[in-house]
Amino acid sequence: MNFYSAYQHGFVRVAACTHHTTIGDPAANAASVLDMARACHDDGAALAVFPELTLSGYSIEDVLLQDSLLDAVEDALLDLVTESADLLPVLVVGAPLRHRHRIYNTAVVIHRGAVLGVVPKSYLPTYREFYERRQMAPGDGERGTIRIGGADVAFGTDLLFAASDLPGFVLHVEICEDMFVPMPPSAEAALAGATVLANLSGSPITIGRAEDRRLLARSASARCLAAYVYAAAGEGESTTDLAWDGQTMIWENGALLAESERFPKGVRRSVADVDTELLRSERLRMGTFDDNRRHHRELTESFRRIDFALDPPAGDIGLLREVERFPFVPADPQRLQQDCYEAYNIQVSGLEQRLRALDYPKVVIGVSGGLDSTHALIVATHAMDREGRPRSDILAFALPGFATGEHTKNNAIKLARALGVTFSEIDIGDTARLMLHTIGHPYSVGEKVYDVTFENVQAGLRTDYLFRIANQRGGIVLGTGDLSELALGWSTYGVGDQMSHYNVNAGVPKTLIQHLIRWVISAGEFGEKVGEVLQSVLDTEITPELIPTGEEELQSSEAKVGPFALQDFSLFQVLRYGFRPSKIAFLAWHAWNDAERGNWPPGFPKSERPSYSLAEIRHWLQIFVQRFYSFSQFKRSALPNGPKVSHGGALSPRGDWRAPSDMSARIWLDQIDREVPKG
């Protein structure tokens with residue numbers, strides 16, 4: 001296995017092409033197709049999709065009934081088949097072909113010097129500017145063979161073209177109007193196993209039609225859990241009564257991977273790498289997809305499968321798709337604003353319902369001046385405001401221990417006072433010393449032993465105090481630990497920060513919490529004074545503050561469990577898709593190896609934009625795998641209630657992640673050893 005090969009990780013490079021049409025000149029059009037096919041070959045593309053009636057042109061109307069044109073189409077088609085024998089891509093080319101007593105609007109599927117099959121257009125429009133049935137026959141229900149170049153090849157709308165050496169690549173083809181009907185052929189094909197859906201389109205442009213196409217293609221890719229490759233006719237088509245924009249686009253499960261400039265001068269291609277393993281994973285998890293297949297089994301089981309050997313390149317061809325560094329945090333500013341609005345209000349509404357159900361208890365929260373407790377506090381404040389409850393019913397406690405820094409403690413105090421909540425400070429130092437002495441810990445006799453017991457005595461006492469205060473004052477303990485910490489087991493179990501009465505942060509990863517706080521600042525919800533404190537919190541190193549300063553420069557969470565940016569990246573791929581470690585490493589390398597490439601979320605400081613080598617990615621992935629699969633599940637199995645927030649998933653044992661607490665991570669670690677280079 002070549003780790004750097006996209007094809008080895010289930011990607012398929014596809015191209016949606018629009019060329020310069022020479023109407024009524026099939027030889028010229030075939031030559032244009034061949035030029036673009038060679039360019040796609042050089043790009044390492046496995047598929048090249050061309051517009052409807054590629055070889056004749058779409059806009060030639062009754063000329064389609066002329067024998068000379070049809071003869072020239074067949075000759076040009078055979079030349080194209082022969083000339084493309086040494087090319088990698090599967091070519092999907094439009095052609096009017098004679099069959100029985102009619103002409104059919106077809107897509108001819110060509111690979112390595114052979115015609116794999118011919119797909120007729122199912123639905124021919126005869127409304128508004130369209131009059132296709134005047135010249136051609138509808139292909140819905142057609143199943144059989146057609147004679148091309150002296151050979152019988154498969155003909156019908158029931159064809160799936162499957163790469164025998166790339167199991168995730170199964171192609172189905174439909175033509176233009178087929179996408180616009182309520183039950184398109186591609187939907188049946190997806191249920192039958194197609195992962196890549198191609199559409200050859202004529203589709204003249206009018207105001208608003210491009211957006212209609214985008215909506216339909218996006219919807220098809222999302223509903224079918226598939227890729228949708230769309231290519232429309234452009235320059236060179238007749239403008240006697242119509243115009244053409246040459247729109248090409250590639251969608252994958254509702255996400256736009258590539259789109260070309262419309263109204264191009266000359267040829268254009270949209271090229272992207274489709275993740276067939278992602279599509280397979282989504283279908284595997286969404287059981288109703290296969291339930292739908294069973295319901296339509298008479299249709300789906302009648303599809304014919306045509307196998308071919310793709311023989312894709314084994315080397316590094318790069319990766320032609322955006323891999324988000326922060327899959328929980330979109331880089332698009334508008335989408336990030338929307339996500340932050342939704343995440344924040346999911347948390348707030350979740351807490352509101354719990355408070356209503358308990359007849360409005362006080363909210364008891366430990367505040368440290370760190371990200372998580374800061375965000376939980378502002379969520380609680382907003383919930384109280386919405387419910388018309390006094391902010392003084394929030395009881396915020398600073399619980400300094402042996403290593404609490406003045407900066408973080410001051411941030412906690414300033415924030416609590418600026419918000420107008422009830423604030424108190426309880427120094428746990430004396431109680432912690434007593435406990436350490438009682439259990440005979442070396443620290444109690446002056447030894448500088450800062451082990452896990454030393455840390456957990458402090459973490460446990462903080463939680464113990466909060467629960468007893470909640471008992472005393474009629475409150476509930478609000479948890480602050482986030483999704484990233486739950487994934488890594490970076491919490492103290494039981495009587496510790498793992499436990500609470502309700503946790504608003506349980507579904508929010510660390511990387512998103514930072515942006516939620518930025519969003520709250522920019523929204524100005526709590527005023528300028530609160531915003532200044534929140535910014536100070538954002539500027540502070542993430543630390544548990546459990547080991548005394550001076551022994552280490554600063555106790556860093558990320559030095560122990562890894563950069564949260566990388567670990568959140570791995571968590572998303574594992575939780576949402578169940579990807580292998582080798583694929584996660586491949587994606588992480590493309591996302592993180594160059595800080596100058598790709599997009600960063602808005603507001604992300606330039607001075608804090610890291611890059612990671614493959615060796616670093618591999619090391620922290622090993623840490624993630626060990627902690628996630630083997631070490632930390634017992635903490636998640638006893639997780640308090642809290643709302644799911646992200647589409648990436650949550651870790652509640654009652655929801656997205658149900659796993660045994662006593663499992664080994666060996667198979668994942670072995671796969672890293674075998675398949676991820678050491679850098």
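Glycine residues also receive a Cβ, built from the backbone N, Cα and C atoms like all the rest.
Swiss-Prot annotates GLY366, VAL367, SER368, GLY369, GLY370, LEU371, ASP372, SER373 as ATP-binding residues; of THR248, THR480, THR492, the candidate listed for that same site is THR480.
With ARG354, ASN456, ASN471, GLY475, GLU485, TRP490, SER491, THR492, TYR493, HIS501, SER661 listed by Swiss-Prot as binding deamido-NAD(+), the candidate from LYS409, LYS414, LYS529, LYS635 annotated for that site turns out to be LYS635. Checking Swiss-Prot for region 'Disordered' across the ranges 139-158, 639-658 points to 639-658. With helix defined as DSSP H, G or I and strand as E or B, the region 'Disordered' (639-658) counts 0 helix, 0 strand, 20 coil. The least crowded of the binding-site residues ASN471, SER491, judged by other CB atoms within 10 A of its own CB, is ASN471. DSSP gives LYS635 (deamido-NAD(+) binding site) a helix state.
Neighbour counts of Cβ atoms within 10 Å were compared for the recorded positions LYS121, ARG354, LYS635, and the top value is held by LYS121. When the CA atoms are compared, the recorded positions lying within 10 A of CYS176 (active site, nucleophile) are LYS121, out of the candidates LYS121, ARG354, GLU485, SER491, TYR493, LYS635. Confidence annotation: the region 'Ligase' (337-679) carries a mean pLDDT of 94 in the model. Within the same chain, residues at least 6 positions away in sequence whose Cβ sits under 8 Å from that of GLU485 (deamido-NAD(+) binding site) are ASP372, SER491, LYS510.
Around the Cβ of TYR493 (deamido-NAD(+) binding site), the number of neighbouring Cβ atoms within 10 Å comes to 16.
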